[in-house]
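Here the structure is laid out as structure tokens; the discussion comes afterwards.
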Amino acid sequence: EAAVERRAPPPPSPTSAVGAEPSASGGRDGEAMDNSRFRQPAKTRTRGPMHVEGNPSHLFEDTSGNMDPPGAGYEGSSTGFGLSGEGFLSDPVVSNLAMAYGSSLASQGKNIVDQNIDRFIPVSKLKYYFAVDTIYVGKKLGLLIFPYMHQNWEVRYQQDSPVAPRVEVNAPDLYIPAMALITYLLVAGFALGTQSRFSPEVLGMQASSALIWLVIEVLAILLSLYLVTVNTDLTTIDLIAFAGYKYVGMVTGVVAGLIFGRTGYYVALGWCCISIVVFMIRTLRLKILSEAAAEGVLVRGTRNQLRMYLTMAIAAVQPVFMYWLTFHLVR
Amino acid sequence: MAFTLYSLLQAALLCVNAVAVPHEERFLNKIGWGTDQSFGGLGEEPGIKSQLVNLIRPVRMVMRLLLIVLNSVIIGLLLLFG
């Protein structure tokens, strides 16, 4: 019951932030509209699709108000045209019309591209995973390397959707896995360079190997989640995020191996493997196991046993991958 | 370790072939994996085996035509380019 109670009331601070943000962006809107009157139709049209999907501006601060400098630049060049030459475009009315038409064409093109991209890649869902800030990244990296002191692993919910990672440390994000993957590739190139085994194709091979193992792991987890008939709210992107967290440990291991040699590599990798196993078990336990089992009570029944085995298997596979993808980099 | 996207596609194609090849009447029913034999689990606990059995049939139905095309393409590529 304590777990349910913790999830039910939405915390006050993010909702007040939601209330504050739209008024701030509305204020900037009015200011921009005063500066350039003929830009008004273009602005309201580009704002339209964003507000349809339930105001995602609470994830990020709205910095799209600074479209004024290009507008000022255009106005300067148009008056320059008018002053210098004769002809059709020197008439300021015609040039205003031409610029309004051009900007409306550009915004229409942008709308078409946005709609088509949204069909293939869920951009708004992806935005949630990148709504991070420095404090969150620092805390999460600390959690990945030392998860033993953290007590509360639950994700707070806000009106049936998870709170943005910026506010809640336990929420998964895609920023750390993406950065860790790129860092891993750079460190791998560096490590191969110290062994005189480097060539630019090697970087490409490392990248495709790492990405393909990630895809295989996520597909295997999805398949096993389907077979065990688990009703969770783990999305595919969540799984990609969790599978990508092991790159942090890999980078740490390889860097320690570069500085301290083979023993340093083994020590750092061992520590990071154990940390990732504990992190995974504690995070996935809340998502995969049922409520009662997640509290620590031993619930009998094959279904809960299967779920427990699945959690253990997912966690145990991480050190295997971590070793497999890095042992050839350290000599 | 030298993985490319192409090798991943080949591995996936081979796995899907493995799901599509065994014949339903002649083989799967004989070893007790047929879909007409596993209607016992109508309750809460489907179990892994019945989930697998119920997964095989739709996968076959959906992928049959696609598998024909993909296999021909990959065989042609392998013959031409090794």
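Placement of Cβ uses the backbone N, Cα and C atoms for every residue, glycine included.
Keep in mind it's a predicted model, so treat the numbers as computed, not measured.
TrEMBL annotations:
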- A:28-37: compositional bias 'Basic and acidic residues' (COMPBIAS)
- A:1-77: region 'Disordered' (REGION)
- A:174-193: transmembrane segment (TRANSMEM)
- A:205-227: transmembrane segment (TRANSMEM)
- A:239-259: transmembrane segment (TRANSMEM)
- A:265-285: transmembrane segment (TRANSMEM)
- A:306-325: transmembrane segment (TRANSMEM)
Return the stretch with the most CB pairs under 8 A relative to the transmembrane segment (A:239-259), choosing among A:174-193, A:205-227, A:265-285, A:306-325.
-> A:174-193
Select the range from A:174-193, A:265-285, A:306-325 that forms the most Cβ-Cβ pairs under 8 Å with the transmembrane segment (A:205-227).
-> A:306-325
Long-range Cβ contacts under 8 Å made by the transmembrane segment (A:174-193), restricted to residues 6 or more beyond its ends, are 126, 129-130, 132, 137, 140-141, 144, 202-203, 206-207, 210-211, 237, 240-241, 243-245, 247-248, 250-251, 254-255, 257-258, 326, 329-330
